[in-house]
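**Q** The following feature annotations were taken from TrEMBL:
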- 62-223: domain 'CP-type G' (DOMAIN)
- 71-221: domain 'EngC GTPase' (DOMAIN)
- Thr111, Lys112, Thr113, Asp114, Gly166, Gln167, Thr168, Gly169, Ala170, Gly171, Lys172, Ser173, Thr174: GTP binding site (BINDING)
- Cys247, Cys252, His254, Cys260: Zn(2+) binding site (BINDING)
Amino acid sequence: MEGQIRQSLSGFYDVFSDGTLYRTRARGNFRKKRITPLVGDRVEFESETPKEGYILKILPRHNALTRPPVANVDQGIVVTAVKAPDFSTNLLDRQLIALEISQIAPVIYFTKTDLITPAEIAKFETLAAGYREIGYPVILTAQPFEQTGLAQLRELLKDRVSVIMGQTGAGKSTLLNHIAPDLKLATGEISTALNRGRHTTRKVSLMPVAGGLVADTPGFSSYDTLTLDYRELGQYFPEFAALAPQCRFRGCVHINEPNCAVKAAVDAGTVLQSRYATYLQLVTLLKNQKPVYHKKK
Ligand SMILES: Nc1nc2c(ncn2[C@@H]2O[C@H](COP(=O)(O)OP(=O)(O)OP(=O)(O)O)[C@@H](O)[C@H]2O)c(=O)[nH]1
Ligand SMILES: [Zn+2]
């Protein structure tokens, strides 16, 4: 049979197939090959009863995260407070880059808009327009949890596997409780898991929410070290990557090179200044990072 791992808990994998959950284990040879099935994996399995079965094969993954340990993630909802904690474009951009590197489509959801003035909201609207221009869906409403915003998010969650990420206190649990009020009992679990993922059980699951699946543990933090060459960073800024072919030099890193299309766009105001500032800061960081040495085999 074929199915999708929806939950893992102490060596058991609950595989969803054709409307039924099957409790399975991984065959011994997986451990020998050091392959660990992940929640989100599509698998071939055999099972005579829903209580007992074996995973035979893991089908190719699109991607795999370590935090949370979930495979085949389609999108990351970056829950971002406009205030409390203070908003920072730098932090938002770092989260977007982390998602881009993992090939996960970002969605930006602004929270706590009740804590700022209409004038400040207008500034966020300008910023939101800039991010939409890049191609990222941005959800921003004048008051928190307005139906229009929630409906947009539900539509995006539908038929996709999502992880929720965002700073502590950004409002991740609160948002999920609004999105899935019908899951009262389950959302209690979601918030516990989202609140203190690290301290609770090592259970990982995908919860059915709004016609899609949402990981019950929040996504990696933007402070995870970036392990890439600074020359590759531009690839993870989609608007830079789109302009790069117009730069005069192939392999332009958009810093000191003449006739750089990215710098020209920053000057013209068609690329967000704040994005370029984040880029420069990360380039410096990556250049100063100690190289990771790999032992010769
Ligand atoms: N004023 C206001 N407060 C909010 C809003 N959303 C959440 N909060 C509050 O902000 C605090 C943090 O919200 P949580 O939902 O627990 O945030 P979280 O992102 O899950 O936080 P962690 O579990 O620490 O990662 C709580 O006291 C919420 O009641 C909002 O839109 N407006
Ligand atoms: Zn350039």
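Placed from the backbone N, Cα and C atoms, the Cβ positions cover glycine too.
In terms of burial and nearby residues, how do these features look in this structure?
**A** In the three-state DSSP reading, Lys172 (GTP binding site) counts as helix.
Secondary structure from DSSP puts Cys260 (Zn(2+) binding site) in coil.
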**Q** Using a 10 Å cut-off, grab the number of neighbouring Cβ atoms around the Cβ of Gly166 (GTP binding site), all chains included.
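**A** 27, counting other Cβ atoms within 10 Å of Gly166 (GTP binding site).
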**Q** Just checking: which of the binding-site residues Lys172, Cys247, His254 have a C-beta under 6 Å from ligand 1?
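**A** Listed by sequence, the hits are Lys172.
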**Q** In which DSSP state, out of helix, strand and coil, do we find Gly166 (GTP binding site)?
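**A** Where Gly166 (GTP binding site) sits, the three-state DSSP reduction gives coil.
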